[in-house]
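Annotated in Swiss-Prot:
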DISULFID  CYS58-CYS84  disulfide bond
DISULFID  CYS75-CYS115  disulfide bond
DISULFID  CYS98-CYS137  disulfide bond
CARBOHYD  ASN76  N-linked glycosylation site
CARBOHYD  ASN128  N-linked glycosylation site
CARBOHYD  ASN133  N-linked glycosylation site
SIGNAL    1-28  signal peptide
TOPO_DOM  29-149  topological domain 'Extracellular'
TOPO_DOM  175-185  topological domain 'Cytoplasmic'
TOPO_DOM  209-219  topological domain 'Extracellular'
TOPO_DOM  249-262  topological domain 'Cytoplasmic'
TOPO_DOM  284-299  topological domain 'Extracellular'
TOPO_DOM  325-339  topological domain 'Cytoplasmic'
TOPO_DOM  362-376  topological domain 'Extracellular'
TOPO_DOM  398-472  topological domain 'Cytoplasmic'
TRANSMEM  150-174  transmembrane segment
TRANSMEM  186-208  transmembrane segment
TRANSMEM  220-248  transmembrane segment
TRANSMEM  263-283  transmembrane segment
TRANSMEM  300-324  transmembrane segment
TRANSMEM  340-361  transmembrane segment
TRANSMEM  377-397  transmembrane segment
Amino acid sequence: MGLLLRSALFKYIIIVLIMLNLRGYVLAEQEQGSQIPLEEIIQVGVTRNKIMTAQYECYQKIMQEPANGKEGHFCNRTWDGWLCWGDVSAGVISEQRCPDYFQDFDPSEKVTKECGKNGHWFRHPDSNRTWTNYTRCNTFTHEKVKTALNLYYLTIIGHGLSIASLLISLGIFFYFKNLSCQRITLHKNLFFSFVCNSIITIISLSAVANNQALVATNPVSCKISQFIHLYLMGCNYFWMLCEGIYLHTLIVVAVFAEKQHLMWYYLLGWGFPLIPACIHAVARSLYYNDNCWISSETHLLYIIHGPICAALLVNLFFLLNIVRVLITKLKVTHQAESNLYMKAVRATLILVPLLGIEFVLFPWKPEGRIAEEIYDYVMHILMHYQGLLVATIFCFFNGEVQAVLKRHWNQYKIQFGSSFAHSEGLRSASYTVSSISEIQGTTYTHDYSEQSNGKNCHDMENVFFKTEKQYM
């Protein structure tokens with residue numbers, strides 16, 4: 001009973017001291033309030049709150065942990081003003097991560113505290129007071145700020161290029177009606193998910209990275225934007241999975257699917273990613289409710305990354321099985337259609353490892369300043385240039401798209417040439433019109449058959465319905 005009373009009294013004393021300390025800070029702020037900007041006051045308040053919370057938790061830990069039962073000299077557990085230190089054997093240098101109280105402190109660096117051989121904490125010779133070595137916390141701050149700024153601009157440029165290339169690709173798909181088919185519809189949804197993700201990423205980075213006061217106040221809107229970002233990131237990968245499932249159904253089980261129902265793809269691509277995003281939001285608010293949910297130092301991110309990795313693995317399995325079937329068909333029948341499908345599969349097969357490698361590298365962040373910097377640059381390129389990569393492979397390198405663009409470009413050149421010839425008066429109007437009509441018809445037929453072997457998007461989807469099951 002006496003022990004409980006003493007513990008409660010000690011807690012009360014700690015709380016009173018903290019409150020008195022806080023009152024002194026508030027009075028000092030009121031005296032100088034007219035001179036200090038609001039953003040700095042908010043930041044200082046957040047820093048003090050973190051320190052006082054850590055101080056209270058440290059005193060709780062000091063009281064509740066059992067006494068050190070080891071033999072020999074040791075340094076007693078203590079609070080040094082910023083960090084909590086446990087019992088340390090004599091002659092040992094204890095270390096832990098730097099705190100994140102201040103903007104110029106790097107939490108990835110280490111703080112050290114030396115326990116002397118006599119069982120007393122090291123005292124600094126200048127002040128003769130116990131001393132903790134925090135010097136490494138801001139030794140490389142300037143270099144890391146430069147790196148962070150470079151990564152910020154790299155990210156913004158990557159998403160800007162992604163948005164531009166994806167919008168151009170969507171314009172091509174919507175403008176040229178002869179490209180319309182179910183596979184292109186899946187491409188459109190995939191591209192749109194990447195556009196939305198890039199837009200929300202740029203908005204979030206512009207608002208958060210340049211506004212520490214916003215992060216300090218921790219508004220709900222900040223967390224909502226992070227929730228939307230994680231949801232859209234999931235949509236990117238599940239629409240990639242839809243691409244793989246569609247091709248697998250079309251090529252491997254085409255006998256059972258004359259026309260696929262896209263509603264299931266919409267549910268998988270737009271609906272399913274809501275589940276892990278909502279679970280992550282609830283778990284984050286309960287177990288790791290950091291400001292704006294921007295920290296990556298939590299295993300709760302695997303709630304998002306786990307389903308994405310599963311989608312990538314399933315997609316890879318489907319694509320490898322498709323390649324097996326196509327190779328079998330090529331060996332037996334030497335069909336030209338199999339070559340066309342192989343080109344379509346090859347694009348997806350290239351993208352899946354490129355989009356998934358970031359999740360392979362994510363848990364393996366190396367130690368060391370230079371290695372970490374290289375890792376950060378590689379990860380940012382892999383993560384933030386995905387939209388540009390998707391648009392390039394699925395649209396700009398697409399043979400059908402290139403054939404359509406070339407055909408329309410040739411038509412434009414012919415029409416422009418006819419207008420120029422007409423203005424010069426080189427031919428009569430009737431002769432010019434009839435000649436151009438003949439040339440246009442000839443150009444259209446020759447160019448398209450040469451590029452696509454006489455097959456369009458719908459032909460490619462339907463050709464495998466006619467193949468024999470023995471090659472499956």
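Going from the start of the chain as shown, residues are counted 1 onward.
Using N, Cα and C of the backbone, Cβ positions are placed for all residues, glycine too.
The number of other Cβ atoms within 10 Å of the Cβ belonging to CYS84 (disulfide bond), over all protein chains shown, comes to 17. Look at the topological domain 'Cytoplasmic' (175-185): DSSP puts its residues at 8 helix, 0 strand, 3 coil.
Helix, strand and coil counts under DSSP for the topological domain 'Extracellular' (284-299) come to 8 helix, 0 strand, 8 coil. The sparsest Cβ neighbourhood within 10 Å, among the listed glycosylation sites (ASN76, ASN128, ASN133), is found at ASN128.
DSSP assigns ASN128 (N-linked glycosylation site) to coil in the three-state reduction, placing it in neither a helix nor a strand. Stretch with the largest number of CB pairs closer than 8 A to the transmembrane segment (377-397), among 150-174, 220-248, 300-324: 150-174. Helix, strand and coil counts from DSSP across the topological domain 'Extracellular' (29-149) read 43 helix, 23 strand, 55 coil. Remote same-chain partners of the topological domain 'Extracellular' (362-376), defined as residues 6 or more beyond its termini with a Cβ less than 8 Å from a stretch Cβ, comprise 108, 140, 143, 147, 151, 305.
Across the structure, ASN128 (N-linked glycosylation site) and CYS115 (disulfide bond) are spaced 15 Å apart at their Cα atoms. A sphere of 10 angstroms centred on the C-beta of CYS98 (disulfide bond) encloses 19 other C-beta atoms. Nonlocal intrachain contacts for the topological domain 'Extracellular' (284-299), taken as residues 6+ away from its ends with a CB within less than 8 angstroms of a stretch CB, comprise 208, 214-216, 218, 222-223, 226-227.
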